[in-house]
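The structure appears right after this line, and notes come after that.
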Amino acid sequence: MQPLLFLLIFVLFQEDEAGKIIGGREARPNSHPYMAFLLIQSPEGLSACGGFLVREDFVLTAGHCFGSSINVTLGAHNIRRQEGTQQHITVLRAIRHPDYNPPPVIQNDIMLLQLRSRARRSRAVKPVALPQATKRVQPGALCTVAGWGLVSQRRGTNVLQEVKLRVQTDQTCANRFQFYNSQTQICVGNPRERKSAFKGDSGGPLVCNNVAQGIVSYGSSSGNPPAVFTRIQSFMPWIKRTMRRLSSRY
């Protein structure tokens, strides 16, 4: 890892800005080879998000993870160690959805990152499958979310965490979030369980049966479930069109 990048990650984690997987456990190293750690520089300062490799040259993440400079780490387990499996690639282009709405009305919260160089496939780095544009994930589906960061309000971790979450009915989130949109968002996490994804886990994938169906978008300020995820299936035409258009522009 470049010394400056490692120092920035160390400072970020000292400030506890990395977010939360609540009620989960440590993932087996490299069991989620599509996971990406994003270090983002913006006028507001340094922040982190999750993301996931969808092709050797593209990472998908949340639209609100935008910044003037983004560094991507692939193949990581402990984000504060210089692991031999890690690949560090800068972002050539960050393409946020043209209809993205910032908080408080978060809509179309999705962004493609074109990498400056292609990722090398290995046991620790592999793309995840994307859904068919016509196939909708159903309530009751048991899915996995992974991310780095806090595991409770005050306790942090540097290693990748994972949690299994169940897709809820749209009404469950419509009752809690004023701007929930069932066409472009998924309601995830049983309100009766203390399991959720939160804050800096933003941009990470909801993976159901080995297919990325959602992107961590937002939730309640307390971190209690359910949380709202961007529905990838609704954006497949835009994703395919954008990757096709940019592939010839290296």
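The backbone N, Cα and C atoms fix where each Cβ goes, and this holds for glycine too.
For His64 (active site, charge relay system), other Cβ atoms within 10 Å of its Cβ number 20. Taken residue by residue with DSSP, His64 (active site, charge relay system) is part of a helix. Among the features that Swiss-Prot reports, active site, charge relay system is placed at His64 (among others), with the record citing sequence analysis.
Annotation note: Asp109 (active site, charge relay system) sits in a coil segment as assigned by DSSP. Its own atom aside, the Cβ of Asp109 (active site, charge relay system) has 28 Cβ atoms within 10 angstroms in the protein chains shown. What Swiss-Prot records for Asp109 (among others) is active site, charge relay system.
Residues or ranges marked as active site, charge relay system in Swiss-Prot (evidence: sequence analysis): Ser202 (among others).
Among the features that Swiss-Prot reports, domain 'Peptidase S1' is placed at 21-244, with the record citing sequence analysis.
Residues or ranges marked as N-linked glycosylation site in Swiss-Prot: Asn71.
Look at the region 'Important for antimicrobial activity' (21-25): DSSP puts its residues at 0 helix, 3 strand, 2 coil. Positions annotated as region 'Important for antimicrobial activity' by Swiss-Prot: 21-25 (among others).
What Swiss-Prot records for 97-112 (among others) is region 'Important for antimicrobial activity'. Among residues of the same chain six or more beyond the region 'Important for antimicrobial activity' (97-112), those with a C-beta under 8 A of the stretch's C-beta atoms are 58-66, 179, 181, 184, 203, 215, 217-218, 228, 230, 232, 235, 238-239, 242-243, 246.
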Model confidence over the domain 'Peptidase S1' (21-244), as mean pLDDT, sits at 92
Nearest of the recorded positions (His64, Asn71, Ser202) to Asp109 (active site, charge relay system), judged by Cα-Cα distance | His64
Between the C-alpha atoms of His64 (active site, charge relay system) and Ser202 (active site, charge relay system), the distance in angstrom, to the nearest integer, is 8
Densest Cβ neighbourhood among Asn71, Ser202 (recorded positions), 10 Å radius | Ser202
Asn71 (N-linked glycosylation site) - helix vs strand vs coil (DSSP) = strand
